[in-house]
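Enquirer: First the structure, then my questions, so here it is.
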Amino acid sequence: MLCVWGALVTSTEFEAAADLLAETPGATTISSLEEPQGHVSLAVDTGDQEDGDLEENDQTQLLGGEKQPPNFWTFSYHQSFFDVDTHQVLERIKNSLLPVPSQNFVRHCLRHHPDLYGPFWICATLAFALAVSSNLATVLQNWKEASFSYSPQFHKVTVAGITIYCYAWLVPTALWGFLQWRKGVGECVGCYTFLEIVCVYGYSLFIYIPTVVLWLIPISGLQWFLGVLAVSLSGAVLLLTFWPLVRSDTRVVSAVLLTVMVALHALLAIGCKFYFFQSLPSRSIPVTQAPLHQVTPPGSSKTSAAS
Amino acid sequence: MAEADERTVGETATKPGFLGLSDVSISEDIPVEGEITVPMASHSQDEDYSTLDEPVKETIIRDLKAVGKKFVHVMYPKKSNALLRDWDLWGPLVLCVSLALMLQGGSADSKEDGGPQFAEVFVIIWFGAVVITLNSKLLGGTISFFQSLCVLGYCVLPLTVAMLVCRLVLLAGMGPINFLIRLIVVIAMFVWSTLASTAFLADSQPPNRKALAVYPIFLFYFVISWMILTFTPH
């Protein structure tokens, strides 16, 4: 459907508008440079669903551009990272699951509006899902054995939480530092902000949640297939997001960087699979009964008196 | 006087009448006098200060009644403001401590394989409630910090009841029927907790972010339910 909207954008927003135009090749644009201050007005045909979002974002950017950025120690500074609606979060999750070659996650979905809600709660859900699934998997494997005693294994929650949160924060930090260095050296075109990288990584972890739940099915081939599928889908989203940045770099550096990114992503999946879903050797028979014989020390007089 | 009348008539012709009062004029002949008295506000202050003199038993019973009234509100959640208006944290503390005590003494093959310890349960409940409150405030909620903590803490009551029932059921020994009863009870109480807290908290969120604020509450009670369900005694 034809939807035409016109918006006055300042010259600093021209770049964002240009990016948008680059990604919607079917759009027709009317640009008029009559305003003396260099304002550009654009009329773009876009789809229905993007309308409200784009308008909102541009208006908030226009209005916010005049105010000073709030102090780090004020509440409103942190509130700006949670300024998302339900449908926006759902849309970002959907785009992290399905890599589309023409859509860059950061440019298309985030549009200079990264949020911390998604990464934080996706990591929390993944940590608890890992612990719960791991516990259930242990039960499902061993419940038929007579001497199996169930234990909740609550320490796995701690391990899972630390692992997931470290991955979701340290790897983006390292990546951001590396890209800034390349930009400083002059090889890279530009860099995403730190929060945008954290956002991409956070949303890319979403696919592991259903994967971890489906890993309960004890068929080994299916588990490996699901793992490979999850890593390839989210790895593809990460690759497509960072390819425009490193494209202009030397071939060696860009190849190494992208390989390391995907390798870390796969390593997380494999590590979780092996630590949390280890098929345990049956530790049924000797453990519970042998110590009873070993507990009584050989030279003790008390036990001999008791027996 | 005639001039004044003509003036007022002229004015009413041009100005629209405001509540029909535009043609009211006070004649200068009639004096206006009277008395204005303000009821003394110190009466209620006297009441507040006088609670220092009452016996301790009265204070405690009054607080217990307030806590009990809130328990009733949680078990029969209707849209009322009682939980929000007079928040207190006694109820959540009592519930959290009793839940953590009941979750103690879980079986363990090795020291690290067991269930959550007292400190872990305590930290999960309070830290989880604080994080959820921060989340709902950052999303633009209008509820205050302690009101939200109060609601989340009080809505742990159904799950504490579920824990009590589970412990009683487990006295009869372990088994699949046993497990099924516990599963049904815990699921029912989990749904009750989530619905109760949503009934109190959802209205304070902006309308297009309600799901974003409710999901962490769901996750919080799910984790507590999981801890209750997986409890196995020695």
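Even glycines carry a Cβ here, placed using N, Cα and C.
All TrEMBL annotations are machine predictions without curation.
The domain 'Yip1' annotation in TrEMBL covers B:76-227. The transmembrane segment annotation in TrEMBL covers B:87-106, B:118-139, B:151-173, B:179-201, B:213-232.
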Enquirer: Which bits of the chain, at least 6 residues beyond where the transmembrane segment (B:213-232) starts or stops, bring a Cβ under 8 A of a Cβ in it?
Expert: 99, 103, 106-107, 115-116, 121, 124-125, 128-129, 131-132, 135-136, 139, 141, 152, 155-156, 159, 162-163, 166-167, 170, 174, 182-183, 186-187, 189-190, 193-194, 197-198, 201-202, 205
Enquirer: With a Cβ cut-off under 8 Å, give me the same-chain residues at least six positions beyond the ends of the transmembrane segment (B:179-201) that come close to it.
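Expert: The answer is 74, 77-79, 83-84, 136, 141, 143, 148, 151-152, 155-159, 161-162, 165-166, 169-170, 213-214, 217-218, 221-222, 225, 228-229.
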Enquirer: Mind checking which residues reach the transmembrane segment (B:87-106)? Cβ under 8 Å, same chain, six or more beyond either end.
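Expert: Contacts of the transmembrane segment (B:87-106) (Cβ under 8 Å, skipping residues fewer than 6 from its ends): 63, 66-67, 70-71, 114-118, 121-122, 125-126, 129, 146-147, 149-154, 156-157, 159-160, 163-164, 167, 224, 227-228, 231-234.
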Enquirer: Could you tell me the mean pLDDT over the domain 'Yip1' (B:76-227), as a whole number?
Expert: 86
